[in-house]
């Protein structure tokens with residue numbers, strides 16, 4: 001399993017361009033964010049210019065990774081080791097972060113222009129930069145210290161971003177999120193303390209060699225698992241998630257639901273694959289929780305009164321799909337084919353959901369911004385005036401529902417195959433029930449939006465590009481299903 | 001010499017635990033925060049006894065000088081009386097909740113303690129050899145329990161800080177004070193400070209916007225229905 | 001050249017229809033003429049095509065690949081069909097002259113009716129032409145369906161209650177028939193994996209279920225050809241339809257069913273299965289039953305066109321019997337086929353002339369009545385087989401049967417001719433009774449006379465193989481002629497009898513009425529059952545709604561759990577950590 005994360009296997013000296021590209025990918029978001037705090041951009045083009053530089057760095061890294069398979073960096077500063085690596089998975093997630101971040105950043109000037117001027121609006125830029133930098137770092141870091149720094153930076157910046165809207169709801173939810181995410185990190189840190197105390201090292205590659213099953217590994221895994229599950233909003237520790245989104249700014253929600261919660265999940269999977277490989281019960285418990293998450297998230301979204309709660313609860317359910325895969329990735333007695341399929345399906349689902357959820361949040365944000373209504377009933381009859389936003393919502397929900405040919409479909413297809421091969425019928429049932437529930441809550445919203453009972457006359461016009469960016473993301477999620485062999489090639493090529 | 005060091009450590013550990021418990025369970029908020037100052041100072045001393053002057057310095061600067069003002073700011077010590085927070089947390093948690101949390105805290109205590117024992121098998125024979133480690137275990141469990149128990153935001157923030165210190169003690173006790181551990185603790189200290197700062201700002205603003213109820217982390221039924 | 005003619009034969013009628021639309025769009029109602037010269041020419045390219053010689057076309061692009069051909073069978077068929085359509089068109093121009101005048105003076109109902117007829121007439125024609133030349137399933141079925149459904153406009157034209165009843169009967173049975181044809185064709189095509197009619201014949205002959213396919217196809221096509229039991233639309237539709245429409249319905253379109261049988265049934269093929277032979281026997285009996293039954297029932301009818309419709313059923317019954325021989329006694333078929341074609345062609349023209357004649361007797365030209373009634377009688381005489389074309393066509397059938405020693409069938413057919421004679425004499429008698437002067441349009445009587453002449457000299461112009469139409473030897477003349485006086489005598493005797501004992505006239509459409517009664521009762525039962533099911537459904541929906549409301553309420557209550565989880569997140573996290581640790585320790589220890 002460790003080779004899949006690029007912790008073992010051949011090493012290759014990165015090229016000079018790779019060094020620079022990595023530095024650019026990790027630091028430039030911070031730099032540009034700080035710049036934007038000083039000179040807040042009013043138009044889209046300066047943002048686009050900044051994003052282009054970062055995206056170019058990402059492309060450079062992609063080319064190098066494709067050639068080398070795994071890129072590895074290792075530094076030591078007075079006894080403190082820092083280890084980074086880029087393999088297929090982390091490259092894919094890095095690219096996803098950069099593009100999604102770029103979309104969120106491009107969306108922001110329009111949003112800030114048409115919404116009321118906020119006192120803290122300019123702070124959004126550095127925080128967004130910090131989140132993107134921290135996310136990039138989380139994907140590439142391979143030692144527990146760097147991972148901790150990345151997770152904490154990401155968590156604190158994300159909380160701060162979510163608090164920016166300044167309303168009482170947001171503050172309450174944000175405060176809860178802040179406390180929980182900090183405590184979750186402390187649980188992680190406690191696990192790190194046990195590991196450091198017993199094995200005396202923090203780099204994952206080294207740990208992968210020395211770790212052997214024992215009480216330390218188990219308790220550390222349990223503590224880290226619980227802490228990261230809290231940060232990743234895994235059922236039943238998910239309840240902080242939907243209030244956080246209910247009054248957050250749209251690009252913040254898009255970034256948070258799309259990527260931030262996934263980072264904790266990624267770290268969780270990576271650590272468990274080292275500490276708990278081929279254990280039966282722990283992944284199984286996560287999978288059961290995942291099944292409940294699928295059902296519960298679907299039910300909550302189905303009965304939701306506000307659109308943002310619907311979208312946020314759907315995140316809980318979609319994360320459930322990822323949890324259900326845990327036994328296939330970590331459990332014993334899984335055939336190599338099933339494990340490979342589950343691995344592919346896991347990341348494809350993660351990426352498809354990230355794109356689709358970001359698009360959905362943007363579409364929902366557009367609808368709410370244009371009408372000034374947050375509840376489903378209040379949004380009745382928007383179909384006539386805001387068809388594009390609804391279209392984006394629809395295309396994104398195709399991915400969430402897993403209809404062909406979206407990424408959601410391809411991912412679920414791979415997962416179903418893997419589950420059938422390994423005989424996990426409960427997981428299959430959860431997947432199917434989840435799909436039905438997804439359809440139920442999506443169509444509930446659509447039914448409201450096509451009602452023509454209450455004609456509305458006042459619509460806030462949207463800034464140009466706000467719908468287009470969302471549509472681009474939704475179509476990307478859609479196209480990811482059709483072009484799934486590109487990311488899958490990268491997954492296989494980068495980790496083989 | 002060794003005995004004296006041990007004695008100092010034992011006393012320190014006791015002071016830490018006492019300060020932590022007062023800090024966690026005193027309903028008088030200002031007093032709890034004052035105990036936190038004492039707790040931070042004890043922590044700095046503990047780092048000194050663990051031969052980590054750098055950490056002691058950081059603890060002194062970040063913990064005592066930066067974090068504690070955050071709490072006093074949150075309580076409204078620096079503001080006119082009308083904007084001060086109520087001095088007591090009057091919220092009575094249901095008994096079942098308290099019992100459950102106590103049990104969970106005990107379970108954590110046992111769990112962490114068992115692993116610590118596994119890492120240091122010698123502890124069975126001389127339980128007092130690592131008093132700070134024991135204090136860490138107790139603090140982690142108690143703070144975690146208190147964090148889960150309380151609903152007052154300031155008290156939860158305090159519990160988080162105590163929990164953090166407990167984890168640092170455990171870290172230092174288990175791994176010694178090698179550079180990696182120090183780096184981890186320093187990072188965590190900065191994070192805790194930033195978190196406390198952010199929390200204090202939010203608490204202040206929430207109190208101004210929503211009043212006393214908001215400090216319990218809920219706004220009645222409205223939020224639960226969302 | 002032939003290909004150009006083919007394109008014209010199929011395309012020209014459609015162009016004519018398009019032209020009609022264009023004209024209706026351009027010219028004001030007061031000056032609009034529906035039956036222009038272009039309209040009359042719709043069938044001419046098809047007629048020319050029939051005389052252009054044999055040819056074959058194959059097109060892969062057209063509907064799964066198609067094959068069209070003009071051979072010894074389809075050429076004469078196309079010839080008489082197109083000829084009849086041409087005459088009927090000319091007749092129609094005269095027949096509808098008054099209605100057109102009414103339409104021009106502002107009768108919008110008449111205008112709408114005429115426009116509908118003028119548009120769908122050429123469309124029906126093109127369908128008829130297509131099905132004759134088609135050798136592949138798709139084209140054949142397309143032609144058949146286009147013809148069938150477009151002809152609805154011809155039947156319903158008058159818009160009276162009778163016309164609507166006739167049209168409804170026509171449509172119901174047509175849909176039934178189309179369904180059976182499509183089922184049979186698809187079944188057979190699926191069986192042999194072929195899209196050609198040849199494949200259908202092969203499937204019917206060789207498949208295990210061949211007899212079922214054959215029965216489906218026989219009955220489906222039999223709706224058009226008036227197989228007994230499915231014939232009920234004929235006596236209802238014909239009296240109500242305009243005379244030219246009746247002429248093409250009874251002359252040309254009814255023959256499409258016959259041609260369809262010849263195309264899809266493995267007639268005359270050696271070593272057919274016993275089941276198919278059995279089906280042949282059933283067809284034979286059905287055909288003879290129709291031949292006699294229609295005569296017995298038809299003589300009581302009042303309306304001359306109803307009588308003629310029964311005569312058509314009777315004649316088609318004879319043709320059914322002959323086709324049945326192709327299955328029951330395959331060796332006779334090659335000899336019989338030219339006779340069947342000639343018989344069909346002669347019947348088409350003669351029946352066309354008779355139907356047109358009904359409109360002549362209703363508007364008698366200012367000629368000597370003797371001439372008129374003699375001319376009216378001529379096609380009737382020919383149809384009985386006692387005269388001219390009829391004599392030769394009947395002999396060509398009989399001689400083939402003689403050669404193979406099927407004397408019983410011959411004598412039965414001869415007896416059936418008595419029925420024919422009786423029917424045509426009754427028809428003339430009814431025409432005499434319902435005659436009225438009033439003068440007719442030259443187109444009307446011109447087309448009638450032309451059809452009459454064409455019927456009498458059918459063997460001369462029909463492009464049949466050499467030697468298939470010969471004048472019977474003199475000694476056979478009596479056997480061919482005697483049914484005529486016999487039939488006339490029967491009718492005269494019947495008239496004498498009925499003069500003293502009054503008998504109620506049985507309604508036209510015979511079995512239709514029991515069918516309708518049965519259908520209505522079945523429908524009533526179905527409707528009652530439907531009401532019952534609707535009530536049951538409503539109750540189920542109510543119950544489901546109640547359950548849903550309750551379930552929704554509990555689900556909504558369940559969502560309150562979300563709040564609980566929100567308040568206890570940190571506790572749950574502690575519990576999760578403890579549980580994971582315990583599980584891992586337990587698993588590691590065991």
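Keep in mind that glycine also has a Cβ here, set from the backbone N, Cα and C atoms.
TrEMBL does not curate its annotations; it predicts them automatically.
Source: prediction; values computed, not measured.
According to TrEMBL, the protein carries these features:
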- A:20-38: transmembrane segment (TRANSMEM)
- A:45-63: transmembrane segment (TRANSMEM)
- A:83-108: transmembrane segment (TRANSMEM)
- A:120-141: transmembrane segment (TRANSMEM)
- A:141-438: domain 'NADH:quinone oxidoreductase/Mrp antiporter transmembrane' (DOMAIN)
- A:147-165: transmembrane segment (TRANSMEM)
- A:177-199: transmembrane segment (TRANSMEM)
- A:219-241: transmembrane segment (TRANSMEM)
- A:281-302: transmembrane segment (TRANSMEM)
- A:309-330: transmembrane segment (TRANSMEM)
- A:350-369: transmembrane segment (TRANSMEM)
- A:390-411: transmembrane segment (TRANSMEM)
- A:423-446: transmembrane segment (TRANSMEM)
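With respect to Cβ pairs under 8 Å, the transmembrane segment (A:309-330) is most closely packed against A:219-241, considering the stretches A:45-63, A:83-108, A:219-241, A:390-411.
Counting same-chain residues at least six beyond the ends of the transmembrane segment (A:147-165), those with a Cβ under 8 angstroms from any Cβ of the stretch are 118, 120-121, 123-124, 127-128, 130-131, 133-135, 137-138, 141, 171, 173-174, 177-178, 181-182, 185, 188-189, 192, 231, 244-245, 247-249, 252, 255-256, 260, 263-264, 267. For the transmembrane segment (A:20-38), the residues of the chain that approach it from at least six positions outside its boundaries are 14, 47, 50, 53-54, 57-58, 60-61, 64, 73, 84, 86, 94, 98, 101, 122-123, 125-130, 132-133, 136-137, 140, judged by C-beta separation under 8 angstroms.
Contact count against the transmembrane segment (A:423-446) (Cβ pairs under 8 Å) is highest for A:281-302, out of A:83-108, A:219-241, A:281-302, A:350-369.
For the transmembrane segment (A:390-411), the list of distant contacts is 314, 318, 345-346, 348-349, 351-353, 355-357, 359-360, 362-364, 366-367, 382-383, 435, 438-439, 442, 445-446, 449, 467, 470-471, 473-475, 477-478, 480-482, 484: same-chain residues at least six beyond its ends, Cβ to Cβ under 8 Å. Between the transmembrane segment (A:350-369) and the transmembrane segment (A:219-241), the number of CB pairs under 8 angstroms, six or more residues apart, is fewer than three, so the stretches are not in contact. Residues of the same chain lying 6 or more positions beyond the ends of the transmembrane segment (A:219-241) and with a Cβ under 8 Å from any Cβ of it are 151, 155, 173, 176-177, 180-181, 183-188, 190-192, 194-195, 257, 261-265, 267-268, 271-272, 275-276, 282, 286, 289-290, 292-293, 296-297, 312-313, 315-316, 319-320, 323. Distant neighbours of the transmembrane segment (A:281-302): 221-222, 225, 229, 234-236, 238, 242, 272, 309-311, 313-327, 329-331, 424, 426-427, 429-431, 433-434, 437-438, 440-441, 444; these residues of the same chain sit at least 6 beyond its ends, with a Cβ under 8 Å from one of its Cβ atoms.
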